[in-house]
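Reviewing the structure listed below.
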């Protein structure tokens, strides 16, 4: 498959990296964003230095601030915008798009307020006559590695297997490979909730704890992610795959992860507002912590790590006290599902 036209909504680090993958596969790629300065840089200098200091983007990759131009004749649309603006952008797409396309998203979060997964948000705003079933593109992937063509394996999840296979063929090449999955709930919740655990793992590092503690929070984090996901209707096997444990490992152990770095800074005593300002990028794990905590409280799901991070971020509890407080929780079996 080649020479498809793909509109990528969001010229951030991951949107730019995915644009290069698609360009390498012979597709026409148009990045859409709202910063004229950034769009001009991509078109004129073929760089995106806010995210990649020393990377040159192929000159065939185009960028625009005009949504109508980006969507014109597109075969597929990929949302890679922050969770909090996904609904707004989806509304704009619905108002602008004039033909049916394959629709994908590669963002990882849950919408604040509604608690909805992003495929649901997009489906609510874009009528069915303009789109396929949403395909979720998710898995263990640092943009910094994908942009230099390091080997990356992720998941294309959709209730429509043919749409998932289309996306699989669209992206896959010698360094980037997709596997299909029909469990959209599992893939989306895994991608969103692992950011919370990454904040916790980073906080342990910032506090000076070693590998034992980090392994514990990642492993028990996977357990509580799975508990909540299954309660929401996910297949538990999904959490042992690329979009589950794979994404949790890459996000919960690496300095490339903005959520891990945010947790590390919290552990070292920095204030959240300073962290967000210094990073200059959206830290999805912060808002997702609140959403996940609220869902867990509503459904009665035991999520001690999420609760500890929530209390630290939103109730002013010390991060060290919150995390160490889990050590005095009631004894439990490792395999409890509630």
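Quick reminder: no glycine exception, Cβ is built from N, Cα and C everywhere.
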Based on Swiss-Prot, name the residue from 98, 183, 247 that is recorded for the same sn-glycerol 3-phosphate site as 108, 139, 141, 194, 257, 258, 259.
247
Residue from 70, 143, 223 that Swiss-Prot also lists as binding NADPH with 13, 14, 108, 258, 282, 284:
143
Around the Cβ of residue 284 (NADPH binding site), how many other Cβ atoms lie within 10 Å? Please give the count over every shown protein chain.
25
So of all those binding-site residues, 13, 14, 143, which one's Cα sits nearest to residue 257 (sn-glycerol 3-phosphate binding site)?
143
If you measure from the Cα of residue 284 (NADPH binding site), which of the recorded positions 139, 141, 194, 247, 259 is the nearest?
259
At the Cα level, what's the spacing in Å between residue 282 (NADPH binding site) and residue 139 (sn-glycerol 3-phosphate binding site), rounded?
18
Among 108, 194, 258, the most crowded of the recorded positions [Cβ within 10 Å]:
194
